[in-house]
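K.L.:
Heads up, here are the entries from Swiss-Prot:
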- CYS233-CYS235: disulfide bond (DISULFID)
- CYS267-CYS270: disulfide bond (DISULFID)
Amino acid sequence: MIYQTDNDKLYRYLFKDRAVRGEWVRLNKTFTDTLNSHEYPRIVRNLLGEMMVATNLLTATLKFKGNITIQIQGNGPLKLLLVNGSDSQQIRALARLQDDVYDDMTLSELVGNGILVITIAPTNGERYQGVIALDKPTIAECLEDYFIRSEQLQTQLLIRSGEYEGKPVAAGLLLQIMPDGTGSQEDFEHLATLAATVKDEELFGLTAENLLYRLYHEETVEIYPPSAVEFHCGCSLERSGSALLLISDDEIENILTEHGGSIDMQCECCGTHYFFDKKTIEKLKA
């Protein structure tokens with residue numbers, strides 16, 4: 001399969017005369033790889049794409065090694081949607097449904113009484129967790145509010161998810177006033193107004209350079225080398241089997257008997273099956 005140039009890449013850029021920074025990311029193969037083992041309804045698939053883009057954009061703002069997890073928790077038809085991304089732009093995601101969903105549902109109808117939880121976990125250092133009310137029409141708007149409240153940084157997020165030329169695609173822009181205090185509200189609003197004119201087909205089809213020229217051809221924009229984005233689950237036989245180590249030997253024996261001597265555990269993210277017989281479990285316990 002051939003993908004658009006600049007897909008599965010994240011670009012950072014700087015407006016040199018405006019003290020505003022930006023990011024752009026587009027996911028195609030990464031998004032497809034995430035969906036391959038799942039048959040999510042379209043509305044859930046698109047929301048998952050939006051969350052993946054948001055996670056990539058947020059991890060690119062990290063000043064340290066670590067990862068960010070963004071999850072929706074609710075009591076509506078969509079019980080859980082979780083995305084985890086690292087500073088190296090490796091990402092994984094999953095969704096759990098507990099009722100029927102329909103493509104014309106709003107975010108509120110899909111999630112019910114829900115919250116958005118952001119967990120920032122440095123490789124070295126303490127974890128930070130923020131909880132955001134899902135009281136806006138889109139995930140992007142909820143996250144913009146989060147940046148204003150927690151970081152005191154004016155931020156614009158434009159995120160789209162759907163299909164382009166018959167393939168799943170998700171893409172987005174982040175625009176943020178520089179945290180050093182040198183940026184002005186007027187400059188930010190000027191650039192945000194230009195960014196808001198972007199069309200879905202431009203986000204999904206143009207290269208980063210062409211997209212930024214289309215939006216900001218009168219600005220001086222410095223584009224930095226891109227970072228590759230990829231789906232990476234990180235599951236393993238040992239990790240999947242760790243849950244079995246919490247079960248008593250008698251219970252494991254009963255489960256093995258009920259399942260013909262082998263326990264099948266499937267990873268929720270990538271769909272990989274791990275099979276555990278008595279010998280495999282004994283090795284895990286050794």
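Placement of Cβ uses the backbone N, Cα and C atoms for every residue, glycine included.
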K.L.:
Looking at Cβ-Cβ distances, which residues of the chain lie under 8 angstroms from CYS233 (disulfide bond) while being 6 or more apart from it?
P.N.:
ARG92, CYS267, CYS269, CYS270, THR272
K.L.:
In sequence order, which same-chain residues at least six apart have a C-beta under 8 angstroms from CYS235 (disulfide bond)?
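P.N.:
Those within reach of CYS235 (disulfide bond), by Cβ under 8 Å and sequence separation of 6 or more, are CYS267, CYS269, CYS270, THR272, TYR274.
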K.L.:
For CYS267 (disulfide bond), what is the tally of other C-beta atoms lying within 10 angstroms of its C-beta?
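P.N.:
For CYS267 (disulfide bond), the count of other Cβ atoms within 10 Å is 18.
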K.L.:
Validating a neighbour-count step here. Other CB atoms within 10 A of the CB of CYS270 (disulfide bond): how many?
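P.N.:
Within a 10 Å radius of the Cβ of CYS270 (disulfide bond) lie 18 other Cβ atoms.
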